[in-house]
Amino acid sequence: MAFLADALSRVKPSATIAVSQKARELKAKGRDVIGLGAGEPDFDTPDNIKKAAIDAIDRGETKYTPVSGIPELREAIAKKFKRENNLDYTAAQTIVGTGGKQILFNAFMATLNPGDEVVIPAPYWVSYPEMVALCGGTPVFVPTRQENNFKLKAEDLDRAITPKTKWFVFNSPSNPSGAAYSHEELKALTDVLMKHPHVWVLTDDMYEHLTYGDFRFATPVEVEPGLYERTLTMNGVSKAYAMTGWRIGYAAGPLHLIKAMDMIQGQQTSGAASIAQWAAVEALNGPQDFIGRNKEIFQGRRDLVVSMLNQAKGISCPTPEGAFYVYPSCAGLIGKTAPSGKVIETDEDFVSELLETEGVAVVHGSAFGLGPNFRISYATSEALLEEACRRIQRFCAACR
């Protein structure tokens, strides 16, 4: 009898975590490595949020909390959805988890049965299909195209839906591509979803506040209120407020789904860390100027990286609307010989050779379900980004 569960055979380790770990190992050995694999802001958590956590400690807010979150945070979440997304939820329709990942996992665990399908546009965040598989479902991938800026077309979504489809997973702005959908682009997708009343929508809005220029963020149920009773809208404080380590995600949706997720979480982790929840209350209710300042910084970094990558031989990099990633194509390098003498046959070969030759760590696109591409996180200083892009240019020029 095997000791480990059969379910593990359906799951792969996280490629993004693996890249960051590899970069750390090389740095520990003395290598000059620039790591561009991390999916977190390089800013510190704002002082007012840290102070709220310290105040909570001083007040003795160190006990177990209700499974779905402290009332103050659930009220703040409901107000946030009304204020920023024009969505009406009661506090009872919200839930707080230990990061957005737990929210998503609990939603799948609460709803998926063997044979249920989950439609996921590619490229996708690496954890979506793995969570679906762990929960007994079947991921169904729908490739997007670079010429469409990696945005799903309505007709492709329509073709992917079957009687077995239970969820459509929607992420805008996207990890890994940075693609963000306009109101009009979203309306085309929601029109399709209205034709299929058995399909639920799981929307990952974690990068909501990281859009650039005049782009206006919208979320599916805001665009099509008819989806309200079958949409779970997930968000969190990690990206917008530089709070990745605090591990607070949240969602709002139909009460019966929230109750089911609460039941699972109650037998899993119970409530998220009390101090982190009080910090999240301040993040949502307190001053929001931190977000605007950081958007300007990220936009400058994005423009720098896109410009420099498009000067590299064999690289094509579209300009994303949001998040802090770019997703360039390395198709022009496939079939070329790297400085080491190895022929680059895949995007995985490209990123491996780039790391060994130039010490730049990025994530191969095949990990996100669409290649030959690679993901760069520009959540680091302009000086490091400029140096990394120079190294990429040098590597590409040396390929023959």
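Cβ atoms are placed via backbone N, Cα and C, with glycine included.
For Lys12 (site 'Important for prephenate aminotransferase activity'), the same-chain residues 6+ apart in sequence whose C-beta sits under 8 angstroms from its C-beta are Glu130. Positions annotated as site 'Important for prephenate aminotransferase activity' by Swiss-Prot: Lys12.
Residue environment of Trp125 (L-aspartate binding site) contains 24 other Cβ atoms, counted within 10 Å of its Cβ in all protein chains. Per Swiss-Prot, the feature L-aspartate binding site maps to Gly39, Trp125, Asn175, Arg375.
Marked as N6-(pyridoxal phosphate)lysine by Swiss-Prot on the basis of similarity to another entry: Lys239. Lys239 (N6-(pyridoxal phosphate)lysine) is surrounded by 25 other CB atoms, counting those within 10 A of its CB over all protein chains shown.
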Cα-proximity to Lys239 (N6-(pyridoxal phosphate)lysine), 10 Å cut-off, over binding-site residues Trp125, Asn175, Arg375: none
Where Trp125 (L-aspartate binding site) sits in the secondary structure, as DSSP reduces it to three classes: coil
Largest separation between Cα atoms (Å) of residues that the record links to L-aspartate, namely Gly39, Trp125, Asn175, Arg375: 11
Cβ within 8 Å of the mean position of the Cβ atoms of Gly39, Trp125, Asn175, Arg375: remaining residues of the chain near L-aspartate: Thr16, Val126, Ser174, Pro176, Ala323, Tyr325, Val363, Phe368, Ser377
Cβ neighbour count (within 10 Å, all chains shown) around Gly39 (L-aspartate binding site): 23
